[in-house]
């Protein structure tokens, strides 16, 4: 198959493996892996892709690959990753693979300088190139830009964000202190907002949108950081292998002895908020020695430090203090930050126990007294007793007649007191983080800003064994960002192509709007259902979950936990969780604490206490919040509720509005493995990331896409000031055309739309050259345009003169041709009218010539000479009379023949009489010769008659064929008229089927992603997935295939499991008519599927293989024939032998040959419904001969009805006409060789040739 060319086929762990096609199945291909010769496996045909011939080759832009598909995309990334080339383009989108180690000099200052002002594609792929492109787009287009850095947790988003910021400030900063502050703000934000998770050692547990603002001179003037959704639950509890926020550990590891004593710090295992997770520090050999022993936990002393090339708690503490100083924080403010952090730690050590009294409340444990003192008096500025009371009781106000009445203190149970303590800790830390962000923003203020470049770094799609409200919000955010990506890159791009008339093929992608509606829809969305639950007097997580399931019981995106592919999730009760099918896969959320985590308000006594702190810094932390939420709190007197979910939704919508108002660049970060180790490439999970991030859809779009564009007027206005008057009068479109021609651009690299010019992927340098607004550069380009216009106009004059001469010659040639045609037609008409008389005169004239021989015989006679002479004379008179009659009257062929026969008879009688008179041998010999000549004449006459009859028979057959075609055409029209009456119903049914098939395909695609995500969770959590989930989704059948298999079940023969070779052998050897018909049908159906696969996966910039003329294939696509059962089709055709001939021109020559000099002919011989022999005749190449069996892959795979040849006027020819051409081109020998080598399939043609050879 495919001449042994390699293909990519699915592999469970590597994503794809290379192999060869060895057989074609009903809807799958049999693949033999190259590294496992002799072993084969089945792969769905739409999951098999052609491979590049050079497996070690890599390209910087995946759009440069010969084959553009997800397998070659994955392989190219893998090859580059193995060479430490972690960046790759897909058009203007950057794919960044996390290397998990430091690559030397890749981010050095020298590297930054090398990318400044360089067009995308002129330098190797890099995050700096995207940053520079965003800056140049902002400068040229006068439009703010955004860079969206996305990817899973641990994929490298935070690091790439830092590199973008560093590049912009170093390259285009003013050289002042503000540039350093923007860069130095990152360590501070990371310390308070990043933490170690199981999938990322430096995971951002909040989202941020960093704006770098520029003035009118495109210099950095300031910045602004917006933050979203800090993960507050991490403050109180973490997973076993996870840590709290970095600041806690860095403070314990790196604080000086003075600070440690003032803040009463010790090792992490002594604090409740740290000791339930990992208590080890990040450190290297040097810093490990600098950390004092009393600051190390037992776990650290036993297992050693955590290792990460980018993290070091002791060193990072020092770097954080340096960053604080650079952004303007003095020692007092720095100590305030540390004091609040330590206060949160000590707050977590306050513990409770049941009270001995009957009140049902609780008291502080004795061992918590010191923690209470440290936290209240020394760190947070609170009264110990007030804090104790506020943590163990809750203040309620009775109401009477709508007015507030008596204050009642309600004792809290131990669990409630623990929740109150944790809520206070989360609130304090959250306000502290808000303060850090505000101080960061204050350190780089700006008065005026012309434009900005925003860099979005937000937590990637998260999926753990246990997922809660935080993961729900993060994944909701990622759904919205994926939709923005779909809109900006796929939807808006395709709408623009369609609007501009570029003719780019449509690319389908998964629309996740239904998932977003499920979460945020008004009243019925999960967020609104959760808010409604929070407003109830006694809200519960179980009631909220049940309400969600009830309102969306038939929603495709929402499911119950027991349908999960992971066994651990199937144990979750109906009212304790739900599954949402996200764009990246299904995630099971445990709804315990959803209600609690959605409420951002403290109960009244704690809120009042913290707002009235004696510490000025603490009061300032809560003052801004108090002012902002004043109205909310007044309402909260009753409900005490501030919705976290809806607050986040509002922030997210504002962010997306900002993104939509800017130009967008995308960096897709990829996590190469789950172990976070270097040089380890897990193909399957990387492929899943590429598919979920839309890279495969982008690759499909970019096969014919144009990522760069500019409007004609925009380009024209840029050059207008530099144009002389004669050029200024040019139409903008014409000016752009002249500009591109002057630059010598290849027409393949760009395309003109209605209002814009578009550039192919990889042509950003050419685009930037045109859009460069440097005055000297503009003047140079204008000079080139002027030169090109002069040359083009002179060439146009030359071409016009040549065209006029050609036109004159063509008119003269056509006039001569018309005269020649008229002469020929008149000659033919005249010949048809007078040919019987001319033929008669020729025959009678021949008879007259024989009279001389008669006279010679008579003159030699001795007796009866006079009598014989008279008879000869009479015969001559009769002949002359007949000749005169033929010339003077319009006699028919029959009349002439009758009188001619009479003369022949008379001459025969006369000859007989002469024979009697002539006795001598000499005379007898001469008479014998005359007899022979007459016999020859008779035979010639008979042959002429036979030829004439044959011509008449052929004319009759052609007339019958034409009449039959007209009859078939009339019957077809009648059928069409009948079909039109039910067409509306049929189309509606087909539309429903297509919609159902599309929905089913979306379900299958979503299930595939769900399974892949479950596998990745299973790998990371050492969990087993269900047997049902283990079933290979690659062999799940689509609706069309299921329908085919269902139909096959009703047939006599089930051929779905037969191999391609078995079908072929059965066709060649079987005598069972029904089996033969079924095998032929299945054989050609598989051929169609295989050729469709080849056409879809052809090389870039290559024409589709033509096994039949375009008119035939187009007809088959536009008019799908009704599929008759194979047996019925064979009977209806009755193995008729039909022959066809139609003009044929290769698509590559279609527009290069206006004179049709390369037009050839396509001949086909159909044996019943299927083709048996095929010929292509071209004027500039040898004839192409094909026979069924030997050349199935190159022959037309359509049946006769599908080709529409029987409906083409003049297409059908006589068998003799086909056989003459076939024999002349060496077809007999070709077919004989195929028969002798047992490659030809038994057909009418093979049987006839074998009989002829016998």
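Positions of Cβ are set from backbone N, Cα and C atoms, glycine also.
The domain 'Myosin N-terminal SH3-like' annotation in Swiss-Prot covers 2-53.
The feature domain 'Myosin motor' is assigned by Swiss-Prot to 57-772, with sequence analysis given as support. Per-residue pLDDT, averaged across the domain 'Myosin motor' (57-772), gives 87.
Annotated phosphoserine per Swiss-Prot: 267 (among others), in sequence order, evidence recorded as similarity to another entry. Its own atom aside, the Cβ of residue 267 (phosphoserine) has 23 Cβ atoms within 10 angstroms in the protein chains shown.
Residues 100-102, 159, 187, 191, 196, 201-202, 235-244, 246, 248-255, 260, 265-267, 344-345, 348, 425 of the same chain sit 6 or more residues outside the region 'Responsible for slow ATPase activity' (273-317) yet have a Cβ under 8 Å from a Cβ within it. The region 'Responsible for slow ATPase activity' annotation in Swiss-Prot covers 273-317.
Counting every protein chain shown, the Cβ of residue 406 (phosphothreonine) has 9 other Cβ atoms within 10 Å. The annotation phosphothreonine is assigned in Swiss-Prot to 406 on the grounds of experimental evidence.
Here Swiss-Prot flags 605 (among others) as phosphoserine. Close to residue 605 (phosphoserine) in the fold, though at least 6 residues off in sequence, lie 389, 390, 393, 394, 395, each with a CB less than 8 Å from its CB.
For 783-811, the entry in Swiss-Prot reads region 'Required for binding calmodulin'.
Within the chain carrying the domain 'IQ' (814-843), a Cβ under 8 angstroms from the stretch's Cβ atoms is held by residues 883, 886-887, 890-893, 896-897, 900, 941, 944, all 6 or more beyond its ends. Here Swiss-Prot flags 814-843 as domain 'IQ'.
Sequence annotations record features per position, and here Swiss-Prot assigns region 'Three-helix bundle' to 836-917.
Per Swiss-Prot, the feature region 'Disordered' maps to 935-956 (among others). Residue counts of the region 'Disordered' (935-956) by helix, strand and coil are 22 helix, 0 strand, 0 coil (DSSP-based).
Annotated phosphoserine per Swiss-Prot: 1026 (among others), in sequence order, evidence recorded as similarity to another entry.
Annotation comment: Swiss-Prot describes 1037-1245 as region 'Interaction with TAX1BP1 and CALCOCO2/NDP52'.
The feature region 'Disordered' is assigned by Swiss-Prot to 1096-1117 (among others).
The region 'Interaction with TOM1' annotation in Swiss-Prot covers 1117-1245.
Each residue in the region 'Three-helix bundle' (836-917) gets a DSSP state, and the totals come to 74 helix, 0 strand, 8 coil. In this structure, the CA atom of residue 406 (phosphothreonine) is 46 Å away from the CA atom of residue 267 (phosphoserine). In the domain 'Myosin N-terminal SH3-like' (2-53), helix, strand and coil residues by DSSP number 6 helix, 27 strand, 19 coil. Annotation note: residue 406 (phosphothreonine) sits in a strand segment as assigned by DSSP.
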